[in-house]
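Here you go, one structure.
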Amino acid sequence: MSQRSLYRNFVKRWDEVTEIPTQTVGPLTPIYKRAVPYFKIAPWRILMPTAFLLAVIGALLLEVTAVQVATLLQQGF
Amino acid sequence: MGFLLRLLKLNTRFWRNVWGSIHAPYATYRSLVADDPEQLLVLVGLMAIYFFLVSPLKFRTFHPFLLTINASRLFTTALTTYLGVCFFFLSLGWVLGRKANLRGVMLAWGFTLVPTLTWFFTTSMFYVVLPPPRHETLPGIIFSLLFITFSISLLFWKGLLYYLTLRFALKLDLWRIIGVSIVFFPGLFLFSLWMYAWGIFRVPFV
């Protein structure tokens with residue numbers, strides 16, 4: 001790669017990164033920064049088990065059963 | 001031949017971005033907002049195919065005229081909703097002083113329709129293969145839990161892509177994203193109620 005194209009790629013990447021404002025959440029920023037990598041690559045590894053847990057907890061805690069919710073959802077299209 | 005090649009390239013790019021939005025959504029959305037907007041034609045085509053295929057199931061008729069009217073109504077409503085949301089986000093972006101462009105917003109929000117379309121298509125398929133109601137038997141409970149898990153997973157995916165749309169297309173930080181969401185979600189809720197009352201969508205296609 002020539003120096004010119006290397007410089008151009010560098011400037012392009014620099015613009016890409018600096019265009020978006022940095023994300024801060026006040027005092028929770030360190031926790032946010034540790035949690036975000038799990039959502040950047042293959043977030044389904046976190047989201048699918050969480051969804052299953054929510055479904056099971058919902059089925060156990062709520063008065064409506066999973067069967068009733070699924071019946072309702074199946075007619076939702 | 002050139003047209004077919006172009007179509008194939010668009011198709012490939014579209015599905016590569018769909019895979020990217022599943023496996024590496026952050027990196028995909030970062031480059032997606034500057035990508036070729038023509039790939040949205042693939043999405044529009046898929047939506048049209050879905051609405052025309054699902055109309056006999058939804059309206060319980062094979063009358064060609066009724067099918068065409070109803071499918072066109074669903075497709076037009078979904079497309080209008082999509083464009084309305086894009087312009088809504090664009091307006092909010094300008095109000096908040098952000099340099100947003102229509103192409104980026106349309107691409108980013110367009111790909112959030114992929115989980116929506118996936119849910120609608122899968123639900124329609126299960127309506128035919130395993131029509132409701134579900135029963136309180138072991139297979140019924142297992143299927144119900146899996147279906148609810150699937151629905152919640154797609155909702156999470158949609159939520160993630162919604163966040164990335166505001167982050168990369170409108171270049172907002174977290175607090176502004178929360179502010180936009182406070183305005184957007186009540187409006188979306190009212191719109192959904194209106195769609196339900198008019199018998200167009202039970203679950204909003206948004």
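Note that Cβ sites are derived from N, Cα and C of the backbone, with glycine treated the same way.
Unlike curated entries, TrEMBL annotations are predicted automatically.
Here the structure is a predicted model, which means the values were calculated and not measured.
Dumping what TrEMBL says about this protein:
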TRANSMEM  B:40-59  transmembrane segment
TRANSMEM  B:79-96  transmembrane segment
TRANSMEM  B:108-129  transmembrane segment
TRANSMEM  B:141-165  transmembrane segment
TRANSMEM  B:177-201  transmembrane segment
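Any idea what these are sitting next to in the structure?
Beyond the transmembrane segment (B:40-59), the same-chain residues lying 6 or more positions past its ends with a Cβ under 8 Å from any Cβ of the stretch are 10-11, 14-15, 66-67, 70-71, 74-75, 78-79, 106-107, 110-111, 113-114, 117, 120-121, 124, 127-128.
Remote same-chain residues near the transmembrane segment (B:79-96) are listed as 44, 47, 102, 105-106, 109-110, 113, 165-166, 169-172, 176, 179-180, 183-184, 187, 191, 204-206 (criterion: CB distance under 8 Å, separation of at least six residues from the stretch ends).
With a cut-off of 8 Å between Cβ atoms, the residues of this chain six or more beyond the transmembrane segment (B:108-129) that come close are 17-18, 21, 29, 32-33, 40, 43, 46-47, 50, 53-54, 57, 82, 85-86, 89, 147, 150-151, 154-155, 157-158, 161-162, 164-165, 168-169, 203, 205-206.
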